[in-house]
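For reference, Swiss-Prot has these:
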- CYS317, CYS320, CYS363, GLU370: [4Fe-4S] cluster binding site (BINDING)
Amino acid sequence: MSFDSLPALPLDPLPDAALPTAPRRRQTVSVNVGGVMVGSAHPIVVQSMTNTDTANAEATAIQVAQLARAGSEIVRVTVNTREAAAAVPELVQRLADIGVHVPIVGDFHYNGHLLLREYPETARLLAKYRINPGNVGAGQRHDENFATMIEVAKEFDKPVRIGVNWGSLDQQVLARLMDENAAAGHPKSPTDVTIDAMIVSALDSARFAEELGLGHDKILISVKVSSAPELWQVYRQLAPLCDYPLHLGLTEAGMGMKGIVASSVALAPLLTEGIGDTIRVSLTPEPGAPRKLEVEVAQQILQSLGLRQFLPQVTSCPGCGRTTSSFFQTLAQKIQDFIRESMPEWKAKYPGVEDMQVAVMGCVVNGPGESKHANIGISLPGTGEDPRAPVYQDGKLLTTLKGPRIAEEFQELLEKYVEERYGQGVAQG
């Protein structure tokens, strides 16, 4: 068959409806969490949580600072004992002393009604209270204890997150819905009933909080499970039923690669549907691994979806038989680390630097092309190629590097480019 006999392909542009667009956010109210605005009118917020004993204010302050400097915009701490509650003022002061100003959220289970009343200064300093309606108390005490926490929130003008978890669901609500389901003509599966119970628990708690006088714009909701399909189901059912901001995350994502993949798979579909106003990636840290990894993964999920831009994107090839060594991989990692370490200073001095594109390529096949498309890029020599590395800036050849200091010289060129390209707005202002 000759190519001439093949049917012509349509070259008409796709209709607008078929073109990919940024997801339209589900409309929600705006909630102020210690100066960070959460809701559909604002960027999706990255949260994290410490794993230190909050009673150890020094260790907790160190970890909060690490998380905040990595880019966490809200940090949650466990408040589970009197010692932990008593340590919150010291924690906040330690953070202020080192110039870290990030909203601190108190995570309460079982005894939050007692701790918030006994430690009013802690209640005043926390930016938000997380309340789990599944473990605030049983029977009459459930409503009494919940009401106490809401009264404290009203007194100190604080928002609350009604945080329902699959593993600690209100058993009274679940039992009632299970009984109703058993009597139905076409009963649902236990999983579906459990998801219904999570939604009922969350919305009933939110309505009760409003009946107690808490403002509609003081409430956020989460309904967390530990698997992606159930997370999609519960949030897709919940989203049309309210306009409270929703916090997304798996309860337990797992460790390492498994946790990163599970969180990415779970969150991405909802975020692309416009569901979700804050996110947390709940990774189990590997031994010796920094806690801040959960922040970096959350940022990368949002950045990969085009929902936020946190730091310049480094494009690098995976490597193949054409590459002479792993040098380009080492350089790509060095540049990525250099950018992340530099971002706190760059973000303050150079507006727009987070949109910069950097390319670190390993051979002549795609290297020059990718480097030209980036703001600044380097194409390292592959097997059999001339041992020189051309550097492209804004699509044009800037210089050619060679010798043992290629990495250091490219880093210097990158820093100079940032100063010249993104420092103009500062100089003009």
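Using N, Cα and C of the backbone, Cβ positions are placed for all residues, glycine too.
Location within the structure of each feature annotated in Swiss-Prot.
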residue	record	CB count, 10 Å
CYS317	[4Fe-4S] cluster binding site	22
CYS320	[4Fe-4S] cluster binding site	11
CYS363	[4Fe-4S] cluster binding site	22
GLU370	[4Fe-4S] cluster binding site	20
So, three-state DSSP: helix, strand or coil for GLU370 ([4Fe-4S] cluster binding site)?
helix
